[in-house]
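Copied over from TrEMBL:
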TRANSMEM  21-43  transmembrane segment
DOMAIN    26-538  domain 'Major facilitator superfamily (MFS) profile'
TRANSMEM  127-144  transmembrane segment
TRANSMEM  153-172  transmembrane segment
TRANSMEM  210-232  transmembrane segment
TRANSMEM  238-256  transmembrane segment
TRANSMEM  361-378  transmembrane segment
TRANSMEM  390-411  transmembrane segment
TRANSMEM  420-437  transmembrane segment
TRANSMEM  449-472  transmembrane segment
TRANSMEM  484-504  transmembrane segment
TRANSMEM  510-531  transmembrane segment
């Protein structure tokens, strides 16, 4: 087994700096994936923005006599324009005329006539997109755990650039929706792989800050989408501006390294050493001949007296005789193996095999779901509020930045569990209040601004939840299933994204405040169940299922700071596995230990 991962990562940073410049470069490149993701996720707030319209009429026809009384002419007109009395109506036979804010403005609502009896198709397209995102979380979570973070991320990035450009040229609603579905699959791959690589790029003390800064880029992406939409107005031009520049991610092939933690966990030590040396070279940090510390580590395992024929001498030295099984552990780590000796491959099912991981998996899935319902429900509803749609979107992104930035300090000071619960509690209460207060007072004063303000506060809270959730989930689950776990939880996030537009549609046919009440109640339940999760503040990332299962609310303490090894024959029996990063030979009288054959001891720091 190699040295502790946090120690390796710290050794790759110059002593004069808290973070190496190469790590900063990789971090920025990975964060750009979050900007790309939010641009596609929330693009429908602009593409599908409501547009004032009425039935198109022949030249010279007076709208006052051709539109049925009591109607605004949005969906029907008289069949006979010259006789308005006792005349039958029909659905706009000549299509619709749209009241654009400018000549170049166009949306999918205008291009594909998604109004009247086709209005539901707009929200349906969003739902189908998030179905793709939901599937993408499962697919790329499993792919990146099995084949590596880098190839999975690069595949998703390259493919989304091609599909994204194709969306801009879609000439029908069906093609638009199909391409967006494929885009959803790929964008979830980009986001999941990017965040997991960031969580594995930094040591424990830097992980919280890195994870929350990653979410800051999400808020910046929302602001950038608002600015792009305001400047370009045409949805096809906006889509091209989003997708075309991502072709530059081809450069990631030569710049982006594979996750060091994934390489080591999967026994790819040669590649891991190459990555280590590359990072050290860019950071100008000297490395020893054994950068991973494999040769200097010692491990003890649960052992009975091994037979003499199984004893293997390490390099001919009489000072380090070990059994063949123990030598394999020293060289290959503690990754679980299958019965035929092959390295075990992990799947989503491993999230539910052990009691504690099973409970945590279910809780995380629910919390991700309710956070997504609240966030996407409030976000997709922003452009329907009174006021300029571009400003509303800009304001929504702006209010997220304080949530993400404050989370950097909150999680470092108070941990993960309690702040997550508090964010959900605030979000739930504000949404419910926004749903029950009337739009006007008894005296007729318009107080709809209060509901809008509470909705913005609710979105602030949901943004804070997401900022913690990405970090929290990656810390609770072990390396062997980390990406598939984040992907599975993201599946339920996207289920929230799938249902949120339909809840908004339900609000249109019942009463407009119902979605706020639904989102609020779900969040309140999440606030209480989140307290069941273990605190991971200051804890090292677990690598194995066993480590994750035994995770405690507080940092685990070392088992021992001194062990004794036989210099001849076999290892002395011990009761449990102990990891010793560094050892040195010392002289000691062991006559009182009961191990008469020992002549030498090794003092080791755990």
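Start at 1 and count along the chain as shown; that gives each residue its number.
Cβ coordinates come from backbone N, Cα and C, glycine included.
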Looking at 210-232, 238-256, 390-411, 449-472, 484-504, which one has the highest count of Cβ pairs under 8 angstroms to the transmembrane segment (361-378)? 484-504
The transmembrane segment (390-411) and the transmembrane segment (510-531): do they have three or more Cβ pairs under 8 Å, with pairs 6 or more apart in sequence? no
What residues elsewhere in the chain lie close to the transmembrane segment (449-472), defined as a C-beta under 8 angstroms and at least 6 residues from its ends? 195, 199, 207-208, 211-212, 214-215, 218-219, 364, 367-368, 371, 374-375, 378-379, 381, 385-386, 395-396, 399-400, 402-404, 406-407, 411, 416-417, 419-420, 423-424, 426-427, 430-431, 433-434, 437, 439, 486, 489, 513, 516, 519-520, 523, 533, 536
Near the transmembrane segment (390-411), which residues from the same chain, at least 6 beyond its ends, have a CB less than 8 A from one of its CBs? 42, 45-46, 208-209, 212-213, 215-216, 218-223, 225-227, 229-230, 379, 382-383, 419, 456, 459-461, 463-464, 467-468, 471, 537
Sort out the residues at least 6 away from either end of the transmembrane segment (127-144), same chain, that have Cβ-Cβ distances under 8 Å to it, and list them. 41, 44, 152-153, 155-156, 177, 180-189, 192-193, 196, 347-348, 376, 483-491, 493-495, 497-499, 501-502
The transmembrane segment (153-172): which same-chain residues, six or more beyond its ends, come within Cβ distance under 8 Å? 33, 36, 40, 112, 136, 140, 143-144, 179-180, 182-183, 186-187, 189-190, 193-194, 197, 236-237, 239-240, 242-244, 246-247, 249-250, 252-253, 256
Report the mean pLDDT of the predicted model across the domain 'Major facilitator superfamily (MFS) profile' (26-538), rounded to a whole number. 79
